């Protein structure tokens, strides 16, 4: 039997002890997720703050190093807005929503693939050549169809905006099997009702793209980085932050949530309904939020789980 002695520790020893406790807490979660696929939506402040960018890259490399199969799907809203302003690209708004014209689409494509994706790949590959940047256009990775946006009962044409209708899972799985980390920009080729390419490219929301990819792969977990701490029962009361919820409880809860919380809650529920074991919204403003969510018992945001999740 080992006795724990009450020995006073200096600052260095205390810090070392805390680090060892973190590693011990992580061990069962490392074993649980080893060999499993985790899809991460990269967005919010984590994309624009250099310190948070590096922390996110560190987290992804750590996940891969312990045998997890991460996939990153990234947005780029702040960078796209900055480039549109800098290039003086004409932008039209309908009912407060930005229309993706062909001119805007060119900026979206350039920023997501050539800027945001490349920067993240470079940060990850500073450790080892692990990450491969790509878009939905590459090798038929994603197929999309134009979105139907309804505002106040009226259908609004938002231009070149789409929803994912198909994922080339064989391509993604082959990359994961080779030890690669796919870093995906969700610009995707449009297909018609018969699945034939139209020659047009659509801008797809990163949240919905990440959810579609996680569903297609039946991922173990989907994690979405945002600029909020999670889902609140009563926004913005911090005491009502929901740490964990079953799919059935979340389904019953959604009609009672505030308008700002409902889309986030619905995104988690959609992932679970599509076969993902658990889905979480975490605060991307916290350094290493991804590791805290995956490798600690309490996590750091709101996790929704299937009703039979163990």
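Quick reminder: no glycine exception, Cβ is built from N, Cα and C everywhere.
When 168, 203 are compared with the substrate site residues 76, 77, 98 in Swiss-Prot, the one appearing in that site is 203.
Per the record's binding annotation for substrate, residues 76, 77, 98, 203 show a top Cα-Cα distance of 14 Å.
A coil conformation is recorded for residue 76 (substrate binding site) in the three-state DSSP classification, outside any helix or strand.
Cα spacing between residue 98 (substrate binding site) and residue 41 (site 'Transition state stabilizer'): 21 Å, rounded to the nearest whole number.
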